[in-house]
């Protein structure tokens with residue numbers, strides 16, 4: 001497997017792999033500095049959309065991935081999401097992805113957030129998976145933390161295999177195939 005360059009990412013985006021797509025790095029908006037997004041040397045920095053689900057313990061439920069209670073979250077829509085101390089929020093990417101059959105995509109958090117104690121977690125985007133990426137933000141600090149919608153939040157790295165997989169995510173009918181919006185756990 002080899003990591004793919006900015007040139008490859010641009011060609012794949014022309015074929016519909018990332019929509020909407022930014023061919024370069026965007027670092028300012030309206031004359032203000034922002035957390036960068038767009039194509040980098042060997043990756044693509046995604047943006048966070050303005051839809052969030054913030055963890056709450058108002059209902060004092062137990063978190064169970066097999067029987068997840070939607071009441072564990074408070075829905076929020078806005079330009080800035082404030083995650084409570086030592087808490088968690090879900091969001092989604094602005095970008096919609098269509099991963100080629102020979103590609104596995106790994107997501108890493110951006111250092112701007114990591115250096116503030118905000119960790120972004122996303123599982124790999126498997127071959128032939130498509131959808132909005134659900135982003136998991138953990139605020140590891142004892143203070144409230146801000147996440148900015150419309151700005152960069154994580155980087156996607158594209159790894160292409162020299163051999164196409166036997167069974168893709170689409171072939172096996174993956175439960176998150178075609179997801180739109182912030183998607184909660186499914187079993």
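Cβ coordinates are placed from backbone N, Cα and C, and glycine is handled just like the others.
Taken residue by residue with DSSP, residue 112 (dCTP binding site) is part of a helix. Per Swiss-Prot, dCTP binding site is recorded for 110, 111, 112, 113, 114, 115, 134, 135, 136, 155, 169, 179.
If you look up Swiss-Prot, you'll see 136 marked as active site, proton donor/acceptor, on the strength of sequence analysis. A C-beta separation below 8 Å, combined with a sequence spacing of at least six in one chain, links residue 136 (dCTP binding site) to 88, 89, 90, 120, 121, 122. Annotation note: residue 136 (dCTP binding site) sits in a strand segment as assigned by DSSP.
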Least buried by Cβ count (within 10 Å) of the binding-site residues 112, 134: 112
Residues that sit under 8 angstroms from residue 110 (dCTP binding site) by C-beta distance, when 6+ apart in the chain: 35, 36, 45, 120, 152, 153, 154, 155
Neighbour count (Cβ, 10 Å) for residue 169 (dCTP binding site): 20
